[in-house]
4 protein chains.
Amino acid sequence: MRVGVLGAKGKVGAAMVAGVESAEGLTFTTGVDAGDPLESLTETNTEVVIDFTHPNVVMDNLKFCIDNGIHAVVGTTGFTDERLDQVRRWVADEPDACVLIAPNFAIGAVLSMHFAAQAARFFESVEVIELHHPYKADAPSGTAVRTAKLIAEARKELPPNPDATSTGLDGARGADVDGVPVHSVRLAGLVAHQEVLFGTQGETLTIRHDSIDRTSFVPGVLLAVRRIREFAGLTVGIEPLLDLS
Amino acid sequence: MRVGVLGAKGKVGAAMVAGVESAEGLTFTTGVDAGDPLESLTETNTEVVIDFTHPNVVMDNLKFCIDNGIHAVVGTTGFTDERLDQVRRWVADEPDACVLIAPNFAIGAVLSMHFAAQAARFFESVEVIELHHPYKADAPSGTAVRTAKLIAEARKELPPNPDATSTGLDGARGADVDGVPVHSVRLAGLVAHQEVLFGTQGETLTIRHDSIDRTSFVPGVLLAVRRIREFAGLTVGIEPLLDLS
Amino acid sequence: MRVGVLGAKGKVGAAMVAGVESAEGLTFTTGVDAGDPLESLTETNTEVVIDFTHPNVVMDNLKFCIDNGIHAVVGTTGFTDERLDQVRRWVADEPDACVLIAPNFAIGAVLSMHFAAQAARFFESVEVIELHHPYKADAPSGTAVRTAKLIAEARKELPPNPDATSTGLDGARGADVDGVPVHSVRLAGLVAHQEVLFGTQGETLTIRHDSIDRTSFVPGVLLAVRRIREFAGLTVGIEPLLDLS
Amino acid sequence: MRVGVLGAKGKVGAAMVAGVESAEGLTFTTGVDAGDPLESLTETNTEVVIDFTHPNVVMDNLKFCIDNGIHAVVGTTGFTDERLDQVRRWVADEPDACVLIAPNFAIGAVLSMHFAAQAARFFESVEVIELHHPYKADAPSGTAVRTAKLIAEARKELPPNPDATSTGLDGARGADVDGVPVHSVRLAGLVAHQEVLFGTQGETLTIRHDSIDRTSFVPGVLLAVRRIREFAGLTVGIEPLLDLS
């Protein structure tokens, strides 16, 4: 499979070029960056592009790919519902076009959320602890909030977490995300980590994800590249590619 | 729902009686122990029995229940393939009979194994660490061996774990269960714990189950009692009741 | 060594009686409970008593022991500075009297706090996560607050934890105890657990204590009983007995 | 304080140059690499050198430093007892010379070992789990073996770990290092991690060290640079600088 990279000179893009080059069965065709013509994709017979660029340019990139029969695996941010609808209209006109847009390609993170949602119905209690480097601006992390919301949705017919706390200090019991306590640790020496703790009579189940390297998205992107042709139209998130059941 | 307990005076049975009595929507009818007549089940209009007895008596118990239209949730050990086939023949003659036999009712343990099997395809490396009290006779635990075999089955088309170990001490790399290293820790102060570690480029996923109390099977048994009527015939293991997908 | 137990019929006292009876080199003399005469201690030649009683009676117990040359290991709560001063005056008059009063006999908990205080000077960041059963009234736990205060004292000349959090939800970053964030998890299936996380460039150090059984104080009490004679006067806390350096 | 770096162009040396440059109160004077004259150290009035070079050249470097009144903080490997004795003789002739040679500058790792040795006397059971990337050649790691030996030394008058294992698979119970079981996990996505688990009646204590970045030695080296003048003669290991008590 012939694979090009848009945003090839960015940190993430460079990691993707290296990832494609060392992956069995994939051939790197061309890297395109700001100012480079998109035509180098067609000239090199690129079959799939990986796009880690910028919200300003990603829509033009997608239009070009769809028009030229190139499948796209996209990690660029900024996809509002409107933008997703626009992409849906484009691919509707090109039945063979395959576009996958995902906010998170780290397979471990995606599996963590999936498992957390599955386990949520079976435990009396659940809490989320996310732990990150101290330079992070938001607390809780976006992933922790998404995880807590998925859990809350799965538990909506269950009684709330038991909690007899009657005296204490502000903040001790964490942030409340739809009834799920979320605790944010910020510690030098960490990168990005999350633990979901479930408990019931006499037992607990913990699902922990540790990401210690900015390249942890590479295997997920390569998986998407390899399977993109099986998913005609627009696919959001890599979960459908994981064949979970 | 009217629920009886066979083996009611054993440790596990007593915990089950207490569990039924405090569960919403369930009524405890009668406890039967060695020497007590099974007829007390029919006399009290028992609809479902919980059987934590002994391999010597469980087959007679089951025959009685199936003949009398009582559903059975069974945690007694010793079910060989032959015994399971016998039960299958009995329930084939009674289309309304529902029998569930499970080696493990701890929901956390069952979910752990299910999630481990699902995650196994997506990571380069996997190892299992099980940790138990020091009075345990077998190492690895039966659960760890079962978990490793499920993982190995899911990974059978993947390359083996990368491992550059060239010098070392015997045993450092654990036991080999179908290619999955399994490490057994025996420590005072522990009860029964298991960690499955998955790793790939820059990220790891850990699924940990902690059981610190012999009553951790109670919620799983109660779940089975509540749903047994939906599962006609013989069901082995509680996984089908968890509606995982 | 001949050992008596005050409060012998309480849950904790009963565990202590069992602990003494199964300990090598210790002989159980007598158990005293509400209404029983203290004289049974002297009549049985008790050398050391273990007191897990009630703030209402513990001072009378101690006076009796000090007057009768019986050493005392005390886990009863409610020792204000005034009470401790009173005990100090009593033992000042009896140079051979040895009294040890400790809020926590779990050796693992005491070591955790000691190690946390030692490590505190060497890391940029520190946070505390304590995890308990959901029936606990206070959050954070008393042990977590004490731990955080010890850490804060050791770090008072260091810069505060780096933390770039600028947006977030109330409570996400935990409770602030003298500059140390403390997070309280309340989860069914847990007993009493605490993690102290330290981090600096590229590395983290975690000190975790898990107590899963109300008897975890027994080894610490037995250690105190065995060594009490070496510690004339009043000793507060078991740390001096641990010969840490 | 004026600080030079020997081996400045190696990976570790380059990280040290960056570390010195960004450290408050330290001034980087000069980097010396293979072929560069050592005289640039004296010409730039270097007061302390950091040496991460090669066993072939480190002894000449040390002789030069000692002769020229420059203190040395050394992370280079290959120091046999003979070499250490040679350095001791050199510094004996120069009462103001301060040389610190350490096999491990990661403060978290050194504290872990110190705490493990302190805790070892108080628990019935202890095991070590070390977890590394899969490209590591030795199992167990050198640090794990050193940790186990320190623990074994501290426990030499205690009974062995209780262990009722009677049936099992080869390797499940780990490698035996002086009676301490050591388990080695090799997993993609990890760097260098170690857990020491202690257990006794009802409680466990876990000391975990995670190193996720090759720069985790920098804070330890900078601490040594700052305090080297207080330690006349030869010091081996950074533990004496940590003022542990």
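The backbone N, Cα and C atoms fix where each Cβ goes, and this holds for glycine too.
Under the heading domain 'Dihydrodipicolinate reductase N-terminal', TrEMBL lists B:1-105.
Residues or ranges marked as NAD(+) binding site by TrEMBL: B:Gly7, B:Ala8, B:Lys9, B:Gly10, B:Lys11, B:Val12, B:Asp36, B:Gly75, B:Thr76, B:Thr77, B:Ala102, B:Pro103, B:Asn104, B:Phe105. The Cβ of B:Ala102 (NAD(+) binding site) lies under 8 Å from the Cβ of B:Val73, B:Val74, B:Gly75, B:Gly220, B:Ala224, B:Val236, B:Gly237, B:Ile238, each on the same chain and at least six residues away in sequence. DSSP classifies B:Ala102 (NAD(+) binding site) as coil under the three-state reduction.
Residues annotated as domain 'Dihydrodipicolinate reductase C-terminal' in TrEMBL: B:108-230.
Per TrEMBL, active site, proton donor/acceptor is recorded for B:His132. Close to B:His132 (active site, proton donor/acceptor) in the fold, though at least 6 residues off in sequence, lie B:Ser141, B:Ser184, B:Val185, B:Arg186, B:Leu187, B:Leu190, B:Val191, B:Ala192, B:His193, each with a CB less than 8 Å from its CB.
The feature (S)-2,3,4,5-tetrahydrodipicolinate binding site is assigned by TrEMBL to B:His133, B:Gly142, B:Thr143. Classification of B:His133 ((S)-2,3,4,5-tetrahydrodipicolinate binding site) by DSSP places it in coil, neither helical nor stranded.
Within the same chain, residues at least 6 positions away in sequence whose Cβ sits under 8 Å from that of B:Lys136 (active site, proton donor) are B:Arg186. The active site, proton donor annotation in TrEMBL covers B:Lys136.
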Subject >> Sparsest Cβ surroundings (other CB atoms within 10 Å) among the binding-site residues B:Gly7, B:Gly142 >> reply: B:Gly142
Subject >> Site extent for NAD(+) (largest Cα pair distance over B:Gly7, B:Ala8, B:Lys9, B:Gly10, B:Lys11, B:Val12, B:Asp36, B:Gly75, B:Thr76, B:Thr77, B:Ala102, B:Pro103, B:Asn104, B:Phe105, Å) >> reply: 27
Original post:
Taking the mean position of the Cβ atoms of B:His133, B:Gly142, B:Thr143 as the (S)-2,3,4,5-tetrahydrodipicolinate site, which residues outside that list, in the same chain, have a Cβ no more than 8 Å away, listed in sequence order?
Top reply: B:Glu130, B:His132, B:Lys136, B:Asp138, B:Pro140, B:Ser141, B:Ala144, B:Ala192, B:Gln194
Original post:
Rounded to a whole number, how many Å is the Cα of B:Gly142 ((S)-2,3,4,5-tetrahydrodipicolinate binding site) away from the Cα of B:Lys11 (NAD(+) binding site)?
Top reply: 22
**OP:** Between B:Gly7 (NAD(+) binding site) and B:Thr143 ((S)-2,3,4,5-tetrahydrodipicolinate binding site), find the distance joining the two CA atoms and give it rounded to the nearest Å.
**Re:** 24
**OP:** To the nearest whole angstrom, state the Cα distance for the pair B:Asp36 (NAD(+) binding site) and B:His133 ((S)-2,3,4,5-tetrahydrodipicolinate binding site).
**Re:** 35
Original post:
Tell me, how many other CB atoms lie within 10 A of the CB of B:Thr76 (NAD(+) binding site), whichever protein chain they belong to?
Top reply: 20
Original post:
Which is it, of B:Asn104, B:Thr143: the one of these binding-site residues whose Cβ has the most other Cβ atoms within 10 Å?
Top reply: B:Thr143
**OP:** Do me a favour and check the Cα-Cα span between B:Asn104 (NAD(+) binding site) and B:His133 ((S)-2,3,4,5-tetrahydrodipicolinate binding site); whole Å is fine.
**Re:** 18
